[in-house]
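Peer 1: One structure follows; several queries about it will come next.
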Amino acid sequence: MTIHKQRLTKWIERNLFLMMSVYTFIFAMFMPDRSDALNGVKVILNQSGILTHDYLEIGGVSATFINVAVHFLIAHLLYRLSGAKELKGAYVASVFFSCGHAFFGSHFLNIIPPMMGVCLYSWWARESIAQNFAFAMYANSLGPMSSVIWLMGGHSIGSLVAGAIVGVIIGMISVPLANKTAKFHGGMTLLNYGYVAGLIGIVVTAVMAQLHMEVAPVNIISTHAHAHITDYLMILSVIFILFALSQWQQVKENYPKLILSRGIAGADFIQTYGLHTATLNMALNVLVGLSFIYAIQFPMNGTSIGAMLSLMAFGAAGAHPLNVIPTMLGVILAGWCYGVNLSSNGVVLPMLFAFGLSPLTSHYGLLGGLFAGFMHMTLLSKTLTLHLGSTLYNNGFSTGFIAIFLVPIFDAIREKRTLGQ
């Protein structure tokens, strides 16, 4: 790689999230409803964000993309302020994943308190913000808890302060919890923070219920197709592929290694195989997801693009086509067995988020991935009733349970086979 290309790559690493913000904002300005974007943003900011608020349906297409663009901008500012020396797969995964949920839950006001909580914990624990940057981004999943309190109090000064304090506390306690729960499943779910967020959501909603502050899930989902969503994803994928091809020799050498890697939680495809190789994998994950969506003829909406951006996110940190496809097929198989409409939100979302269990495919083979996806679809509807939609990472919460449940069973079967030989 020439010095010029090295400098360009370093610049992109420092400004990737800013570039995503600019791209998303420009895209928003080309949407047909851009003239009403500001009103749409105001509507979005007045939502609680509890699962599931499809902002494309609530605030419009342009306003929703502006919300996502601001998420990317906040991520860029925190990344630069954190003093991080190099771009890591965990950083990219956490930013793209959390920004994906800006399509159907978080908005750029309710994410601030939990992010501040993670930063405050870093100061208290004498750790760098860079060390906990990914946690700060994942903490966005619990942002709706702040906005719920704000709305219940009619945006009074007291409710604003109370909501902010709750958000900060949630952000603070999430870091040590996430560090501990990662040991429960041995890295067999990529969405460990989703499991943590679910646990916190259960506790917080239980406390609120005792205070007569009832939280109930919301189900506002767009039922008609938004063609522009596909354009956003396809343009982004093409850009990532072209960037990867600019270092084709490096990518050609490294991508076969990446696609055969086990990809457990903590895998860093950027540091291990290079940014160009990782971006190619991220783009291919999107194409895999879109292929499944088109195959089952699902209309693209806010929840599906959020899930697609999440699938893309972990193309930098553990998920690749070979280990995600079996889990996706497992979800479809479960939907078919249970008689669920395969082109419904109830199948498509768990199918796309089943990548969280992709390490089970890598470690236990095709059948392990299929069964994990099947179980994910089976359990998912029940986990929502536990936290009442207070965390946006319900799929991550489910994958945590599935991994903890299946890993000992799979290990026992493998051990029995080994002894039998």
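Here the Cβ of each residue, glycine as well, is placed from N, Cα and C on the backbone.
Just so you know, TrEMBL annotations never went through curation; they're auto-generated.
Taken from TrEMBL, the feature transmembrane segment applies to 12-31, 58-79, 91-113, 190-211, 232-250, 270-296, 303-322, 328-357, 392-413.
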Peer 1: At a threshold of under 8 Å on Cβ distances, which of 91-113, 270-296, 303-322 pairs most often with the transmembrane segment (392-413)?
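Peer 2: By the under-8 Å Cβ criterion, the transmembrane segment (392-413) pairs most with 91-113.
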Peer 1: Counting only residues 6 or more past its boundaries, what in the same chain has a CB within less than 8 Å of a CB in the transmembrane segment (91-113)?
Peer 2: 16-17, 20, 44-45, 47, 49-56, 64, 67-68, 70-72, 74-75, 79, 84, 133-141, 143-144, 146-147, 150, 163-168, 170-171, 190, 221, 270, 278, 282, 302-303, 305-310, 312-314, 316-318, 392-393
Peer 1: With the transmembrane segment (12-31) as the reference, find which of 58-79, 232-250, 270-296, 303-322, 328-357 contributes the most Cβ pairs under 8 Å.
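Peer 2: The stretch with the most contacts is 58-79.
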Peer 1: Which bits of the chain, at least 6 residues beyond where the transmembrane segment (303-322) starts or stops, bring a Cβ under 8 A of a Cβ in it?
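Peer 2: Answer is 52, 54, 89-90, 92-97, 99-105, 190, 221, 226, 229, 232-233, 236, 258-261, 263-270, 278-279, 281-286, 288-290, 293, 345, 348-349, 352-353, 355-356, 358-359, 361.
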Peer 1: Could you tell me whether the transmembrane segment (270-296) and the transmembrane segment (190-211) have 3+ CB pairs under 8 A, leaving out pairs under 6 positions apart?
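Peer 2: No, the transmembrane segment (190-211) does not contact the transmembrane segment (270-296).
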